[in-house]
């Protein structure tokens, strides 16, 4: 567009290129060595991400064929999700499984992610007009419905409504609405959000049943969300909103093209990822050893730790202690209705 400076467009597109392989990384966390990881990033971006971008957004064969992807359902989420699945198959399970470090930080991170998603979805209109506004509103609606749907299903399934479940469902909704954010009407956004919550929760449940160690549920949330988001664009798309009419509006051919494109690129991303990791392993070992995981990958590879210990002491720069120093015995303080009693000291 003559209204957008080329460098602005360049930097904006660079954000998509940065986030996509970062999604894959979340699946095999704590299992891949840093050097082969860097090689993998360059290969994957060059051979998977760039072809996807140019074929769908850059005037390539899929764009000419009529395939639509408003903000990255195929380009980002489907390719990253299937690459994550291939990487999990290749590297196997973790020997040391960490629990979430801080649920409040997960909540803050999800809020930041949601805010940033406005830039991805609404920004993909490349203009501050009706299309951007529609994408913005649909993003909010779908994420909200998906989060509540996930919460309710988890509540029924496990007996407890968890904050992490609510937040995960929100991200599932964000991923699923992405390909159709500016191409579907607002009444379709709740449907897409509810379907996202149902399907992505089911995918994560199946992952656990089959014992796949996808640390951050990249496959179930981003992969499944992105794939079915593209398919639902093929159902609910509207030509009068700048896209093409979906199956429910007589666009059977468009629906078929959407399905073919997302399945084709997903398979390609899966196969390339597995083969790339296998080939890189001939150059330098890809997987961390069991001892590396037990000692701490941060410590072994980088000589530093990400966190202070639970007692609040500063960790040495190159070694993580195995456990905290012995804590002092803490005694409860008896308090009256309005706090400490007169003359009473806190322990």
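Positions of Cβ are set from backbone N, Cα and C atoms, glycine also.
Annotated in TrEMBL:
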- 3-307: domain 'Ammonium transporter AmtB-like' (DOMAIN)
- 6-25: transmembrane segment (TRANSMEM)
- 37-58: transmembrane segment (TRANSMEM)
- 70-91: transmembrane segment (TRANSMEM)
- 103-120: transmembrane segment (TRANSMEM)
- 132-156: transmembrane segment (TRANSMEM)
- 163-181: transmembrane segment (TRANSMEM)
- 187-206: transmembrane segment (TRANSMEM)
- 218-239: transmembrane segment (TRANSMEM)
- 259-280: transmembrane segment (TRANSMEM)
Residues from the same chain, set at least six apart from the ends of the transmembrane segment (218-239), whose C-beta lies under 8 A from its own: 23-24, 26-27, 68-70, 72-74, 76-78, 80-82, 84-85, 88, 168, 171-180, 183-185, 188, 191-192, 195-196, 199-201, 203-204, 206-207, 212, 245-249, 251, 254-259, 261-263, 266
Residues of the parent chain within Cβ reach of the transmembrane segment (37-58), under 8 Å, 6 or more residues beyond its termini: 13, 16-17, 20-21, 24-25, 67, 69, 74-75, 79, 83, 261, 265, 268-269, 272-273, 276-277, 280, 283-284, 286
Seg_contact(the transmembrane segment (103-120), the transmembrane segment (259-280)) with at least 3 CB pairs under 8 angstroms, min sep 6: no
Overall pLDDT of the domain 'Ammonium transporter AmtB-like' (3-307), taken as the mean: 95
